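As written in Swiss-Prot, here are the features:
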ACT_SITE  His148  active site, proton donor/acceptor
ACT_SITE  Lys152  active site, proton donor
BINDING   Gly11, Ala12, Ser13, Gly14, Arg15, Met16, Gly92, Thr93, Thr94, Gly116, Ser117, Asn118, Phe119  NAD(+) binding site
BINDING   His149, Gly158, Ser159  (S)-2,3,4,5-tetrahydrodipicolinate binding site
Amino acid sequence: MDSFLRLLIHGASGRMGQALLRLASEDPSFQVAAAVVGQAPDRHVSDGVPFFAAAELAAVPAFDVAIDFSLPQGFSSLLALCVARAVPLVSGTTGLDSRQHEALVMAGAQIPLVWGSNFSVGMAVLVNLVERAGDALSGWDCDIVESHHVHKQDAPSGSALTLGEAVACKGIAPRYTSLRAGDIVGDHLVQFTGLGERIELVHRATNRDVFARGALYVARRVVGRVPGCYRVRDLIM
C-alpha cells in the first residue's frame, strides 16, 4: 500500500494552486498526480508533475483526493469527475451559484467532500467565536468588513459570508463592507456594536500558505471518511 496520497490540484496556475504545488512537493504524505490549469499549459510536465488544461480534465490519471481552488466556471466538471471516480473533494472555490451549491449537497450523498471559504486554523476559531458572541449579543448591530487584494473578484468574500451565516443563525442580520486594495491576502473584522460599547473580532492572514497548509491537512483527514458534506472546522478543530 502506498504511504502517500495521490493528489489532484485543480486551479494550479492561481495563487493558491501555486502554494499547494510547492507545499505538497515538500510533504512526503502527498504525491501530486496531476495539476489542472485553465488554458493549455506551457509545459505538459513540470518538476515531474503532469499538467492538463481544464478541457482535458477527463484524462487526468488516478488520484486519491482532489483540492480545488479555481473559478466557478470549472467547478462543476471537477465535482462530476470526483463523483464518477468516487474520490473525495476539498474545494475552496468561492462565488458558486445556487445550483452549484445544490450539486455539492447532492454529491455529498456519494463522496466525502469539504467546501470552505477559508482553510486557516485561525478562521475556524474565529467562526466559532462569532457564533458564541452572537448567542450573547442579541439586539446588537453586527458589521463584517473584509479586505483583499485588488484582483479578488467576488465580494463579499466567501469567508465574510461564512462569518455572516454564523451570526445570522443567531437572529442577527450582519452588514457587509468589502475593500479591494494592494496585495492584501485577507483581513476579516466582525464588529458587534451595542449602546456605549463594541466588540471587535479580527483575523488577518499575512501569508497564503496558511490556507494551503490547511487545505492539505483537511485533504489528509477527509480521505477514508463516509460520504457527506463536511465543514472545514469539523476536520481542523
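Don't overthink the numbers, they just go from 1 along the chain as shown.
Every residue gets a Cβ built from N, Cα and C, even glycine.
Recorded features from Swiss-Prot, shown on the structure.
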{"residue": "Gly11", "record": "NAD(+) binding site", "Cβ neighbours (10 Å)": "26"}
{"residue": "Ser13", "record": "NAD(+) binding site", "Cβ neighbours (10 Å)": "17"}
{"residue": "Gly92", "record": "NAD(+) binding site", "Cβ neighbours (10 Å)": "25"}
{"residue": "Thr94", "record": "NAD(+) binding site", "Cβ neighbours (10 Å)": "23"}
{"residue": "Phe119", "record": "NAD(+) binding site", "Cβ neighbours (10 Å)": "27"}
{"residue": "His148", "record": "active site, proton donor/acceptor", "Cβ neighbours (10 Å)": "25"}
{"residue": "His149", "record": "(S)-2,3,4,5-tetrahydrodipicolinate binding site", "Cβ neighbours (10 Å)": "14"}
{"residue": "Lys152", "record": "active site, proton donor", "Cβ neighbours (10 Å)": "17"}
{"residue": "Gly158", "record": "(S)-2,3,4,5-tetrahydrodipicolinate binding site", "Cβ neighbours (10 Å)": "18"}
{"residue": "Ser159", "record": "(S)-2,3,4,5-tetrahydrodipicolinate binding site", "Cβ neighbours (10 Å)": "27"}
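Only Gly158, Ser159, of the recorded positions His148, His149, Gly158, Ser159, have a C-alpha within 10 angstroms of the C-alpha of Thr94 (NAD(+) binding site). Between the two most distant C-alpha atoms of the annotated NAD(+) binders (Gly11, Ala12, Ser13, Gly14, Arg15, Met16, Gly92, Thr93, Thr94, Gly116, Ser117, Asn118, Phe119) there are 20 Å.
When the Cα atoms are compared, Phe119 (NAD(+) binding site) and Ser159 ((S)-2,3,4,5-tetrahydrodipicolinate binding site) turn out to be 10 Å apart.
Per Cα geometry, Lys152 is the residue among the recorded positions His148, Lys152, Gly158 nearest to Ser13 (NAD(+) binding site). Here the binding-site residues are Arg15, Ser117, and the one with the most other Cβ atoms within 10 Å of its Cβ is Ser117. Restricting the recorded positions His149, Lys152, Ser159 to those with a CA within 10 Å of the CA of Ser117 (NAD(+) binding site) leaves Ser159, listed by sequence position. Each residue contributes its Cα atom, and for Arg15 (NAD(+) binding site) and His149 ((S)-2,3,4,5-tetrahydrodipicolinate binding site) those atoms are 12 Å apart. DSSP assigns Ser159 ((S)-2,3,4,5-tetrahydrodipicolinate binding site) to a helix in the three-state reduction. Gly158 ((S)-2,3,4,5-tetrahydrodipicolinate binding site) sits 11 Å from the residue listed as 'active site, proton donor', counting Cα to Cα. Looking at the residue listed as 'active site, proton donor' and Ser159 ((S)-2,3,4,5-tetrahydrodipicolinate binding site), their Cα atoms lie 13 Å from each other.
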